[in-house]
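The domain 'Metalloenzyme' annotation in TrEMBL covers 7-503. Under the heading Mn(2+) 2 binding site, TrEMBL lists ASP14, SER64, ASP445, HIS446. Marked as active site, phosphoserine intermediate by TrEMBL: SER64. Look at TrEMBL and you will find 84-301 tagged as domain 'BPG-independent PGAM N-terminal'. Taken from TrEMBL, the feature substrate binding site covers HIS125, ARG155, ASP156, ARG187, ARG193, ARG263, PRO264, ASP265, ARG266, LYS337. Look at TrEMBL and you will find ASP404, HIS408, HIS464 tagged as Mn(2+) 1 binding site.
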Amino acid sequence: MRRVPGPVVLLILDGIASNEPYDGNAVAAAKTPFLESLWDSYPHGLLHASGEHVGLPVNVKGNSEVGHTNIGAGQVVYQYLPRINASIEKGAFYTNEALRSVIEKTKLQGTALHILGCLSDGNVHTAIGHFKAVLEFCAKNGQRNVFFHVFTDGRDAEPKSASRYFEQLEQWLKEYKIGKLATIIGRQYSMDRNKTWPRTQRAYDLLTSHIGTAVSTWSEVLAKSYSAEITDEFLEPYVLQDKEVEAQGFVKDGDGIIFLNFRPDRALQLSQAFVIEEFLGFERKKTIKNLSFVSMVRYQKDLPVAVAFHPMDVKMPLGRVVSMAGMRQLRLTESQKFPHVTYFINGGANTVYPGEMRINIPSPDVPTFDLKPEMSIYEITETFKKNLGYNVYDLFIMNFANGDMVGHSGVFDAGVKAVEHVDTCTAQVVKHVLALNGAVFITADHGNIDEMTNQLTGEMDTEHSIFPVPFISVYKNAKNSYQLPLGSLQDIAPTVLDFLGIEIPPDMTGRILVE
């Protein structure tokens with residue numbers, strides 16, 4: 001039996017965790033009278049959103065993909081990172097069929113093998129240890145014609161931290177006596193996910209035609225960039241001056257690629273440019289024939305590439321259970337987080353379930369979101385109110401992206417404004433849902449804007465934070481404010497289903513948070 005007669009809303013305040021007040025906590029600095037009043041008036045608590053609680057290694061920060069996957073699954077979904085790490089530790093990595101095949105094929109053909117990836121220890125899109133593992137795999141199998149194409153981070157790692165990762169890669173290249181650093185470009189270009197195709201094109205042209213500035217060393221790239229106040233995320237395209245790189249260090253017909261990124265959303269566009277025959281994103285100067293392309297994980301179900309590690313199957317995600325109960329649901333956010341409230345909450349599947357509707361509000365076209373900290377939150381809120389008035393949907397799953405996207409800019413004042421916009425729009429959502437005798441569950445997928453400066457050094461921090469996220473249960477018949485037991489993201493879906501009066505499937509191992 002339903003616990004509320006009106007609609008249920010799951011509102012995800014992306015990137016807003018619960019951290020102690022300090023000078024770099026934009027959440028604490030912001031004026032949030034409405035969210036504070038909810039905390040004081042309704043059942044509330046904290047949820048783990050990092051590490052082993054969401055299927056990551058211990059003490060690894062959560063991220064949007066992992067967070068939404070766990071929220072939708074109602075269980076801990078063991079992520080690619082610990083699975084890949086375990087395969088390296090146990091030796092299975094070095095017999096992986098997809099990786100072995102491309103290494104051996106390019107060796108036998110005498111063609112080049114190109115290693116692509118975000119060089120960082122951020123553990124969000126890649127792990128730096130995977131660069132070493134694939135280099136060792138090549139060395140063991142005698143493939144010496146190996147070129148590295150590095151995407152610098154500066155977002156899930158410190159903005160000017162690239163030197164330590166280049167030093168590590170350089171050490172491994174010397175250790176194994178194979179491989180060359182061929183190109184360097186910031187992730188702003190190579191890892192775009194917002195269909196800003198000119199950015200992807202710059203990365204593609206660099207990798208296939210060496211269209212970039214020639215330099216002698218990676219340290220020259222960093223010196224030039226930092227003097228121009230360009231941080232790692234935004235590095236322009238660069239080509240290393242080297243005879244072997246000039247002759248072989250660009251992607252050609254018959255070559256092989258291993259793309260090390262294990263998070264799909266920011267690896268997809270560049271991969272599509274390489275492997276989709278009738279590609280429409282931009283006009284390619286070169287199309288690569290007979291390319292052997294291996295992605296570390298599945299970036300998209302129908303992408304014509306070999307996959308090294310396949311996803312863990314989430315059979316009964318929240319959206320499917322709601323659909324099977326004959327209820328209607330709406331997924332609503334802006335384009336920066338649209339994959340998260342659809343693909344990732346649906347267990348990493350592109351399936352649109354019967355009764356599931358989706359609305360994607362375009363994110364602002366600005367270089368960085370500190371320039372428009374409200375992003376598209378007001379358009380999302382107005383769209384929500386309009387659709388709520390139709391009295392059609394039983395469940396709304398929404399995401400306010402501001403806490404994460406503005407948090408990544410590192411601009412503290414903009415972060416404060418972003419949180420205040422979230423507070424204003426959350427008030428509108430709650431007011432309209434309570435008027436229909438519904439329920440709103442307010443939570444987050446991970447932290448970010450709650451830690452915008454490093455608490456030890458005082459330097460800008462654009463990474464996610466490791467702190468637990470809030471969970472507030474707002475409905476008319478709630479008992480007075482009380483502290484809910486500490487939980488994790490897997491507990492959200494069972495709680496939502498309980499309020500909808502839907503039986504919780506056995507696959508969901510999370511528990512109901514609200515008595």
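Note that the numbers count up from 1, one per residue, in the order the chain is shown.
In case you wondered, yes, glycine gets a Cβ from its N, Cα and C as well.
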Starting from the Cα of SER64 (Mn(2+) 2 binding site), work out which of the binding-site residues (ASP156, ARG193, PRO264, ARG266, ASP404) are within 10 Å.
ASP404
Cβ packing number for ARG266 (substrate binding site), 10 Å threshold:
21
Assigned element (helix, strand, coil) containing ASP404 (Mn(2+) 1 binding site), judged by DSSP:
helix
Spatially speaking, which of the binding-site residues ASP14, ASP156, HIS446 is closest to HIS408 (Mn(2+) 1 binding site)? Use C-alpha to C-alpha, please.
ASP156
Inside 10 Å of the Cβ of ASP445 (Mn(2+) 2 binding site), count up the other Cβ atoms and send me the figure.
35
Excluding ASP14, SER64, ASP445, HIS446, please set out which residues of the same chain place their CB within 8 Å of the center of the CB atoms of the Mn(2+) 2 site, keeping sequence order.
ILE12, GLY15, ALA49, GLY62, ASN63, GLY67, HIS68, HIS340, ASP404, ALA444, ASN448, HIS464
Nearest to ASP156 (substrate binding site) by Cα distance: which of the binding-site residues ASP14, ASP404, ASP445, HIS446, HIS464 is it?
HIS464
C-beta crowding around HIS464 (Mn(2+) 1 binding site), within 10 angstroms:
31
Tell me, what is the mean pLDDT of the domain 'BPG-independent PGAM N-terminal' (84-301)?
97
Compare the Cα of HIS125 (substrate binding site) against each of the binding-site residues ASP14, ASP404, ASP445, HIS446, HIS464 and report the nearest.
HIS464
Fewest other CB within 10 angstroms, which one of the binding-site residues HIS125, ARG193, HIS446?
ARG193
8 Å Cβ shell about ASP404, HIS408, HIS464 centroid, Mn(2+) 1 site members excluded:
ASP14, GLY15, ASN63, SER64, ARG155, ASP156, GLY403, MET405, GLY407, HIS446, ASN448, ILE449, THR462, GLU463
Other than its own, how many Cβ atoms are within 10 Å of the Cβ belonging to HIS408 (Mn(2+) 1 binding site)?
23
Could you tell me the C-alpha distance between PRO264 (substrate binding site) and ASP445 (Mn(2+) 2 binding site) in angstrom, no decimals?
17
